[in-house]
Amino acid sequence: MARGQKVASLGESDARRGHSEVRTICLTYVALFLQSISLNKIRRRPVFRSKIGFVFSGGAARIAQECALTKALMEGLTPSGRKIRPDVVAGTSSGALNAVAVNAILKTKDGKAGKGMSWEDYKKILFDLDDGKIFDITPRGLARIVPRNIPEGFILDTAPLRRLLEEVLQEKMGFRSLGDLYLPTYISVVGRDTGKTLRLYSRDPDPRIRKLPLLDVLMASTAIPVAFKPREIKGLKGSFFDGGVGRDGIPVEAMAAEHCRELYIISRMRGDETMTGVTVFKKRRPRVPKILLNVLLAMEYLIDALFESELDRAPQIARRAFLYLPKLFKQYPLLDFSTQREQYEETLEWAKKHDPVEIKKPRKRFLGLF
């Protein structure tokens, strides 16, 4: 072979070897890149545990609707017949009251309650409600609305509700502090001065949070702006509004760290017709209800609009998410507490014919399907 041919042959061999090395390096980088993407996906994917979570929305005087739905789920009264027991609960506004009631009922069922509460006990408390047990409608109380309450930023004095909750929590349920709750529980409130949503957790690592008076927490979580006075929570700075006026109209986000296998969103009936009536003012002080009802109506529209976007989050934080929302023959007023029995019975009958609906993926106008 001529010298020139040998040199050319060696050059071609070196070139092939070089191309091979470059190809190997490129393939290695591609493999590493794909592997990193795969690992990132694995890291981002939550590890769902075997927990079941219940999330209770706010509803004011529609509290009995959520109570009936919850009993149907836990007692296996739905068409599926499956009894569903929550491992963790979250609630806002009147939904926080239902979350606490579930704590007491399960603690009693498990034989660990010094002071017990059954579903029948809780129903009796609800059925005995009327407006006078929630806010002060005595002649003296009504006379204070314009000269005292309105200048302080609210209309209705909820001193009767505080007395009722104090009796129920301490004497019937045996709960004094947030940390006394039987289940891991999240209760949402909104800071009056900051507008930020606080999710108060019964198992919080900070003992100061666990020691918060449960009575104060519930009074704050149910303090509907304008209607009721903002409430202070002993141990926290500032005063607080109803948890439903912030990010937690339904406190789905509170469950993000729980990685539930199943998440049930339990709420009152929603629809195009919004009832905000306040029975106490039908014959007295007709000017006051218009101020209050306008505010409540605006809040209802806003909360209903946010409800759908909050539903979109549920399938992202749980393996399976379900919505349990009744379709009743009529709407019930936001602040008429005299209809608890009627609401409960109608909702329970509906629940016996309907299972929760799975939220398979985020979608817009979800409620339009019902």
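Note: Cβ is positioned from N, Cα and C throughout, glycine not excepted.
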*asked:* Among the residue ranges 91-95, 191-195, I'd like the one that TrEMBL describes as motif 'GXSXG'.
replied: 91-95
*Can you grab the distance from S93 (active site, nucleophile) over to D242 (active site, proton acceptor)? Cα atoms, rounded to a whole Å.*
6
*Long-range same-chain neighbours of D242 (active site, proton acceptor), Cβ under 8 Å, sequence gap at least 6?*
G58, T92, S93, V189, V190, S221, T222, A223, I224, P225, F228
*In the motif 'GXSXG' (91-95), how many residues does DSSP assign to helix, to strand and to coil?*
2 helix, 2 strand, 1 coil
